[in-house]
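Taking it in order: structure first as structure tokens, then the write-up.
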Amino acid sequence: MTARILDGKRIADELLERIKGRVSVRVAAGKSQPGLAVVLVGADPASAVYVKNKRKACKEVAFRSFDYDLPAETPEADLYALIDRLNSDARVHGILVQLPLPPHIDATALINRIDPRKDVDGFHAANVGSLVLRQRGLRPCTPKGVMTLLAHTDRPVRGQHAVIVGVSNHVGRPMALELLLAGCTTTSCHKFTRDLPGFVAQADILVVAVGRPGLVKGEWIKPGAIVIDIGINRLDDGSLVGDVEFDAAAARASWITPVPGGVGRMTVATLIENTLEAAETFFD
Ligand SMILES: Nc1nc(=O)c2c([nH]1)NC[C@@H]1CN(c3ccc(C(=O)N[C@@H](CCC(=O)O)C(=O)O)cc3)C=[N+]21
């Protein structure tokens, strides 16, 4: 078998195109233009690339974007004051504070200061709770974007054995929940897991979000599996690779996401989707 490419760039562009249409309908009906505030603290080069992509996506769908590029030394109190201002600014429907933050800032406290209705990352404790309990709320972008990708395969999700490698707050753990809620039998693997290859071999749907190039070997993959690679690793030669050996995995899988051009693009498009959803659900 040779895998079909689950084309995150194309699926993300189609999603953005649909959102752009909905924005023009909304604005023509006299409703507000959705607004997204993107807060970047410090000069982490990877963060700069991601933030640039988010601001570009805002332009593409005719959202208003409010950009804050702050020095790494910004006092915590100034950031709280900024969040408070954005929370009460009616032109702003979504607030994103790019992570990681400099070490002197308590990221958890700052994220929890965001109005949960504007927390388009879905990182606020209230939104994580809503996801767990299946209540209305904003859902973390990367796992939600992966569910959109899975809907573009020819395979059902319900009933499949999903194996998630990585249990981070923002990606691996909410990913396992999304798949569980969609009717998968789920297995989460992490650094204490014994026999990672044995679990990977059982996956009908494999999602890897660790950040270690080549962690998952192609020969571990169950023939016909769907492989979702969330890792983004920059090699010394400047190229980007995921956590899965792409060529060897693609020889066995039915579908596979590329890096770049896979999950990363969906994360950005889903952030935009969440911002429109926030505007429509909470502020119309
Ligand atoms: N508050 C917060 N929310 C986030 O959603 C968030 C964050 N902090 N911190 C960092 C991670 C990472 N992330 C990505 C965004 C875009 C691409 C992306 O556009 N990737 C492209 C190109 C990547 C490149 O050229 O470097 C691709 O995979 O094709 C990837 C990863 C969002 N994150």
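A Cβ is built for glycine as well, from the same backbone N, Cα and C atoms used for every other residue.
The feature domain 'Tetrahydrofolate dehydrogenase/cyclohydrolase catalytic' is assigned by TrEMBL to 6-121.
Marked as domain 'Tetrahydrofolate dehydrogenase/cyclohydrolase NAD(P)-binding' by TrEMBL: 140-281. Helix, strand and coil counts from DSSP across the domain 'Tetrahydrofolate dehydrogenase/cyclohydrolase NAD(P)-binding' (140-281) read 53 helix, 26 strand, 63 coil.
There are 15 other CB atoms within 10 A of the CB of S168 (NADP(+) binding site), with all protein chains counted. Residues or ranges marked as NADP(+) binding site in TrEMBL: G166, V167, S168, I232.
As a summary of secondary structure, the domain 'Tetrahydrofolate dehydrogenase/cyclohydrolase catalytic' (6-121) carries 59 helix, 18 strand, 39 coil according to DSSP. Long-range Cβ proximity for G166 (NADP(+) binding site), meaning a same-chain Cβ under 8 A and a gap of 6 or more residues, is found for G172, M175, C189, H190, V207, V208, A209, V210, G211, I230. The full span of the recorded NADP(+) binding residues, G166, V167, S168, I232, taken as their largest Cα to Cα distance, is 16 Å.
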